[in-house]
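Chemist: One structure coming up, written as structure tokens, with questions to follow.
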Amino acid sequence: MNLTPKEIVKFLDDYVIGQKKAKKIIAIALRNRYRRMQLSPELQDDIVPKNILMIGSTGVGKTEIARRLAKMMGFPFIKIEASKYTEVGFVGRDVESMVRDLTNAALNLVKNEQREKNKDKINEFIENKILEKLLPPLPKGISDEKQEEYKNSLEKMRTKLRNGDLDESTIEIEISQNMFDTNPNLPPEMGAMQDIVKVIGVGSKKVKKEMKIKDAKNALKNEAGEKILDQESIKSEALKRSENEGIIFIDEIDKIAVSSGNSNRQDPSKEGVQRDLLPIVEGSNVQTKIGTLKTDHILFIAAGAFHLSKPSDLIPELQGRFPLRVELDSLDDKAFYEILTRPKNSLLKQYSQLLKTENLELDFDNEAIKEIAKIASRANEEMQDIGARRLHTVIEKLLEDLSFEADEYAGKKFVVDKKMVEEKLGDIIENKDLARYIL
């Protein structure tokens, strides 16, 4: 999607309140990707993305900015936590696995696009598979009259199938089952082995299962995709997108910084993780199940609160790989008010729509919204600052009884006013010990 930086920021304004500096820097970084692709291949190789370091408390919009943009522009995107990785040689996930996770995200993205483009062919394949079970093909040498009868019956059955009239009927189908797919605890590094066993036919078998037709349609989608879609071109496109459009969001990078003021270094592998991360961010080749991926042009966005450490506590080489730094603003009551009123799918709209399913019309008057914003802001000041996430706990507590008794208000309109907010939350916010547990 070809958007100017201003258009990108305008899009983000619908979902993330404030944080103009962060939006501007990320918008420029994404636009530079488009600019790079317009250049000659020789120049493209030399121009590397300027990675970004976002500094700010939890809940101020760091992840949301990157995730919204990646989704809108159709870029492969993953969010990982730096603290979950271990130095090579230690038990745990190594940093290269984040690149493999990115290729998996790209693979799913491209597969879904191809499935959408070829949905008519895929649906036809699924229909034919199901119709074969409902109306087995005629043997050879049957008269023309019988063939015509069969053809008419087949079309009638096809119409019923498309209309959903047969959804509750039960059929027996054969589906492929991979022994690796049945174990959710296998690490992603097993991807290469899964590909090998698929090629040689070990570990995969056809199993017969009885199920309703509506379930059979979903079960046959993967098989249809494997048969109809060009798997090699999908892998090639996924690899290309990972390299040129991939975004890896590294959260909690402050957790692997070794604080200069902390003489008791409890985790000596922190610096090791940084050193393992360095070649990935600098640009290196990583083996994935879809091929060798060059990380030179992946955009890395690192983020952290840096309460107990500073960006300068990261090793100098890694600091140099994140030249763009932006500090995100903490959220006050005015920002909370905007968060509750401005976004397309604001929190209040979400709760209103949820209760609408119970035939209850929920509304908030303006003074009530201001009071909610004040209480959330105060809770963040007096307790740990968790940013906009505080609004979730505040509103949940406010609407707890109403959500529980929603059926009693069916067909009515319920307006939340300032008085109700004060009654439900006033005593709690005044009692700091109680507030720590509830809000």
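Quick reminder: no glycine exception, Cβ is built from N, Cα and C everywhere.
Since the structure is predicted, the reported quantities are computational estimates derived from the model, not experimental observations.
The ATP binding site annotation in Swiss-Prot covers ILE17, GLY59, VAL60, GLY61, LYS62, THR63, GLU64, ASP251, GLU317, ARG389, and the record cites sequence analysis as its basis.
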Chemist: Give me the long-range Cβ neighbours of LYS62 (ATP binding site): same chain, 6+ apart, Cβ under 8 Å, in sequence order.
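Modeler: Within the chain, LYS62 (ATP binding site) has Cβ neighbours under 8 Å at ALA22, MET54, GLY56, ASP251, ALA303, LEU328.
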Chemist: Of all the binding-site residues given, ILE17, VAL60, which has the fewest Cβ neighbours within 10 Å once its own Cβ is left out?
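Modeler: Taking ILE17, VAL60 as the binding-site residues, the minimal 10 Å Cβ count falls on ILE17.
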Chemist: Tell me the Cβ contacts of GLU317 (ATP binding site) under 8 Å, same chain only and six or more apart in sequence, or just say none.
Modeler: LEU278
